[in-house]
Amino acid sequence: MSQKINGVKGMNDLLPGEIEIWQFVESTARTLFGRFGYGEVRTPMVEDTALFVRSVGEETDIVGKEMYTFEDKGGRSLSLRPEGTAPAARAYIEHSVNNQEPVSRWFYMGPMFRYERMKTGRYRQFSQIGAEAYGAKEPAQDAELMDVVVQFLEALGLTDVTLNINSLGDDNCRPAYHAKLVEYLNAHKEELCADCQQRLERNPLRVLDCKNEKCQAVAAAGPNVLEFLCEPCRAHFTDLQRKLGVLGIRYVVNHRLVRGLDYYTRTVFEFIASHPALGTASTVGGGGRYDKMMKGLGGPDVPAVGFAMGLDRLVLLLKESGKTFAQRPDLFIAVADEGSQDEGLKLASRLRREGLKVDFDTRGGSLKSQMKRADKSGARFTLVLGEQERTTGQAKLKPMAGGEPVPVALDSVAATVRAQPEAPAPAPAC
Ligand code: AMP
């Protein structure tokens with residue numbers, strides 16, 4: 001017997017039954033981001049490795065440890081994208097979008113790849129929905145972007161999520177904070193976990209978001225980045241908070257929020273869910289301002305702010321909500337005899353063309369077995385087609401939730417089904 005081949009570790013298949021939740025999240029995002037004027041952008045899944053090294057940063061976990069990097073047949077170093085901000089920025093620069101409009105608002109969705117240690121809510125291929133606003137440095141833009149996320153989560157029905165915000169300052173004020181932090185952490189090096197002792201050398205800010213309790217205790221007592229902000233950065237952060245107040249968005253200021261990427265300046269934020277289903281993978285999304293990135297990538301001096309949400313985690317939360325996302329069939333067509341099989345196939349085809357969602361068992365079989373399948377399908381109605389129905393052109397719609405059958409002419413099934421009031425879905429038979 002041939003050996004079975006399994007999918008790649010950390011990369012999941014999405015099958016019907018679950019995919020409907022994903023489609024709900026994706027279509028909600030499209031509608032909502034559209035309302036805010038964000039247009040969809042699709043970039044390739046593979047980019048020049050240097051793009052991520054220069055934007056996300058060589059010393060970050062993502063670039064240092066987690067990228068799927070390979071050489072193509074032409075000897076170029078390419079990487080599967082680990083995130084969407086840098087590819088969108090690359091496309092923005094490459095297409096000189098800043099010469100066409102002063103402000104651009106883009107969103108994207110799709111798979112990202114990171115070679116991470118797996119657990120619930122953390123995978124090696126995962127999906128993000130993200131948005132980027134280019135060209136506005138004002139705090140109102142940061143607030144508007146957070147409003148997108150707030151309204152997106154509301155539209156999904158996910159309300160138990162807390163917005164955390166912080167400011168990391170800019171090139172002017174961050175070096176002093178950085179120096180103080182390194183000095184402080186070095187004095188407490190022995191108390192840090194092994195990972196953080198290494199982070200201290202490579203990327204000290206990352207120590208602040210380590211989940212280890214001892215590291216958190218050290219971080220909590222350390223220097224507060226907000227006390228180091230220069231006047232313009234302080235004013236930006238104060239105004240952002242005022243704008244969030246104007247929009248009625250609730251938030252907490254968390255001075256230990258740093259995020260794991262190098263490109264942020266000033267505002268950073270995260271949306272954290274409190275549901276136990278996510279375990280320690282409780283951050284459903286995050287983002288921040290990256291005013292220097294475009295220039296650093298050889299592009300124009302354009303300020304930008306963006307976020308990314310993890311779809312896998314949103315889907316986990318929606319699964320917990322117990323809501324149904326699959327659209328049930330309007331009608332199940334069962335055939336009473338072999339001679340009605342072709343007519344049944346034809347009727348199903350016609351009704352689908354007329355816009356109904358119709359289930360029809362192409363295997364035929366006994367009427368009893370077809371009725372069992374009709375029950376299982378969750379269809380609103382079943383129509384049995386036999387010789388009598390074919391001859392008279394009249395049939396009955398049997399409501400699967402119970403109740404009186406509705407007489408129907410075979411040439412007006414779609415209209416009759418549509419005219420019936422919606423009853424709750426029947427519990428599917430086991
Ligand atoms: P980041 O780009 O690291 O800021 O991540 C933004 C969001 O993407 C996170 O808040 C998560 O919801 C999601 N995310 C990041 N990494 C993973 C992963 N390995 N598996 C699943 N979701 C992830």
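Sequential numbering from 1, following the chain as shown.
Each residue, glycine too, has its Cβ placed from N, Cα and C.
Any TrEMBL annotation is an automated prediction that lacks curation.
Note on E83 (L-histidine binding site): other Cβ atoms within 10 Å of its Cβ, all shown chains, come to 18. According to TrEMBL, the L-histidine binding site annotation covers E83, G84, T85, R114, Q128, E132, R259, Y263, Y264.
Per TrEMBL, domain 'Aminoacyl-transfer RNA synthetases class-II family profile' is recorded for 1-329.
Note on the binding-site residues T85, Q128: the fewest other CB atoms within 10 A surround the CB of Q128.
Checking the binding-site residues E83, T85, Q128 against ligand 1, the ones whose Cβ sits under 6 Å from it are E83, Q128.
A C-beta separation below 8 Å, combined with a sequence spacing of at least six in one chain, links R259 (L-histidine binding site) to D209, V268, E270, G286, G288.
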